[in-house]
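*Asks:* Submitted below is the structure of interest, expressed as structure tokens.
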Amino acid sequence: MSMFSKFLTGMSFRSTTPTFEAGEEIEVYVTELDEESGELVAQVGETRLHFENGEADIVGCRVLATVESFDDAEHRGRVTHRKTLSQGSF
Amino acid sequence: MSDTDSGDGTEIEEISGPDVEAIEFYGGRWMSVVPIGVFILWAIVQSGLFGIGDTTGLVAGMLVALIVGMFFAKGDWKNYANTIFDGMTKRVAATAVVAWLWAGMFSNTLQAGGFVGGLVWAANAADVGGALFPVATFILAALFTTGIGTGYGATVAFSALFFPAGILLGANPVLLFGAILSGAVFGDNLAPVSDTTIVSAVTQDADIGGVVASRFKYAVIAAVLSLAAYVFAGNAMGGLNISQQAQNLFVQNSEPAGLLHLVSMLVVIVTAVMGRHIVEAVSWGLIVAVVFNVVFDLAPLSRVLLFKVPKTSAAASWAGSLPIAEVVAAKNAGVTGSIYNGAAGFFPLIVLVLLIVAGSEIMIRGGGFEAIQEWLLENVATGVRKAETTMVVGTALVNSMITINTAAEIAIAPYIARIGQRYNINSYRRANILDANTSALGYIFPWGGGVLIGFATLQRLPQQYGWFTDAMVVQPVQVWPYVFHGWFLFGVFLLSALTGFGLEYTTDRKSKDVTRL
């Protein structure tokens, strides 16, 4: 990212439901263990990404994940946990 | 704050550290809030009720609060005591301490080199009148604070130099004081070496260069609105009728050579935005400032560092010939200069912040932090827009209660991190919400640290100028509606939270390693 673009990034009104493409590699904080499905979930705005794998002890951690599929209409996706990068702050 | 992965596949087991022991409290987990709660109460009474802006007084308050909290801890108090040690040795606190020490040395060296005098000279050369003086003051105070990073320092310097000059030129005193505070807000918010900028970045796991660049858009919008407001109000609000000493006062304080330190400032800002380490960036700025002071005769080396050697010392016979030493009476022995004073000025704040972090750690291990967070997430921050609004209003509220805005920022920072991470709000955005509202609210209310420091400076003016009467001193309670940049910055962030302007998610872009600027 150039120095100029650093100043301009984010100059827009962002949706509460961001979308993702299958195959996309993303870094997210794992939000919770969904009680109904028993799956880990990363909530990005109002969009919910369900993990195919991963243990409960990574809730709150920043992880590297790959998007396997995404439903634009429902704002739901499925991702695979690749690597735990760090714990969340505090 | 945790370490970040360098990309070599570090697993969570390696970075989580040893298991920490929870603290149980009589009355349940909410009672772990007692240390921080007692401190906030102390801060409100000391600063809000009594009007005392003494940081060391707040240190005493935090010490008492930690002792009071211990009586509510169950079982062996050793665990409670060890938690104080663990909190005080957290990396987030150490990073801020290092940054403040370097920033303090730098800002004091710029002041020693007559930077403010240079700004006064520029205002004089531009022939600024009473109506436009507040807006010019806002611009120059903003520039100055952005360079040196300390809004408190800028408030003192501008209240001492610009305020009397502006009064003589016919500027409205309340508006002028508001413009000084607005400039301090702008710089505190944007400067890479500002203590609040540093805290906002390190607590949200973001690099300082990226944080500064990403908050530029909010600061500029608020600044443009503020400029217009000061131009309008400057023309609408009349000044006092004073004798014609303005020109003399200007000449007396004007040293155009001080403007050379714009280069010292630029060295830090450019190096910071290029992503260099904080110690390196500020050290380069400091070296340039010292060299400029000596080479361009802005200040002798003894203003930067001076050993006051006692006559009784064995070195007294030759030490006086050194440029950084003078021989004095034994009772006056010591060390002084901008490097010494710049670092020493932060000592009380450093101790206070270490103790507040210790209090926060007790709250985390006692479950109080989790209890508050659960309540907020279940009842208030129930969506990303509401979460951001909670972050903005929460930061503003805490800062309106605690005088020292950096201390308030550290107290609220964990909530911003947790609530923001819950919705994967980008670390830059979280840092920006945290810092903007910290900077803004710390200079608005009558008990705010910036307002009190400026007021204390104005109170000394009648002793310095024969024509300056006590009636010309602006009272803290008068100025709050006129700190335009503070209000506009808060407004911009409230609207941004409600509309999603500037919102970025963690998936949008990554922050650099937090130890870089």
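Each Cβ is built from the backbone N, Cα and C atoms, and glycine gets one as well.
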*Asks:* Among the residue ranges B:380-399, B:440-459, I'd like the one that TrEMBL describes as transmembrane segment.
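*Replies:* Spelled out, TrEMBL records transmembrane segment over residues B:440-459, not the other listed ranges.
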*Asks:* So which of B:30-49, B:94-122, B:128-149, B:161-186 is most in touch with the transmembrane segment (B:258-275), counting Cβ pairs under 8 Å?
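*Replies:* Comparing B:30-49, B:94-122, B:128-149, B:161-186: B:94-122 has the most Cβ pairs near the transmembrane segment (B:258-275).
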*Asks:* Report, as numbers and ranges, every residue of the chain located at least six residues beyond the transmembrane segment (B:281-301) whose Cβ falls under 8 Å of a Cβ in that stretch; write 'none' if there are none.
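*Replies:* Distant contacts of the transmembrane segment (B:281-301): 99, 102-103, 105-106, 109-110, 112-114, 192-193, 255, 257-258, 260-261, 263-265, 267-268, 271-272, 323-324, 517.
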*Asks:* Against which stretches of its own chain does the transmembrane segment (B:128-149) lie, if we need a Cβ under 8 Å and a gap of at least six residues from its ends?
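*Replies:* Residues 103, 106-107, 110-111, 115-116, 119, 122, 155, 157-158, 162, 165-166, 169-172, 175-176, 178-180, 182-184, 186-188, 190-195, 197, 223, 226-227, 230-231, 233-235, 239, 261-262, 264-265, 268-269, 484-485 contact the transmembrane segment (B:128-149) from elsewhere in the chain.
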*Asks:* Restricting to the domain 'Na+/H+ antiporter NhaC-like C-terminal' (B:203-487), report the mean pLDDT as a whole number.
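*Replies:* Computed over the domain 'Na+/H+ antiporter NhaC-like C-terminal' (B:203-487), the mean pLDDT is 87 on the 0 to 100 scale.
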*Asks:* Top stretch among B:55-73, B:94-122, B:479-503 for CB pairs under 8 A with the transmembrane segment (B:161-186)?
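*Replies:* Highest pair count goes to B:479-503.
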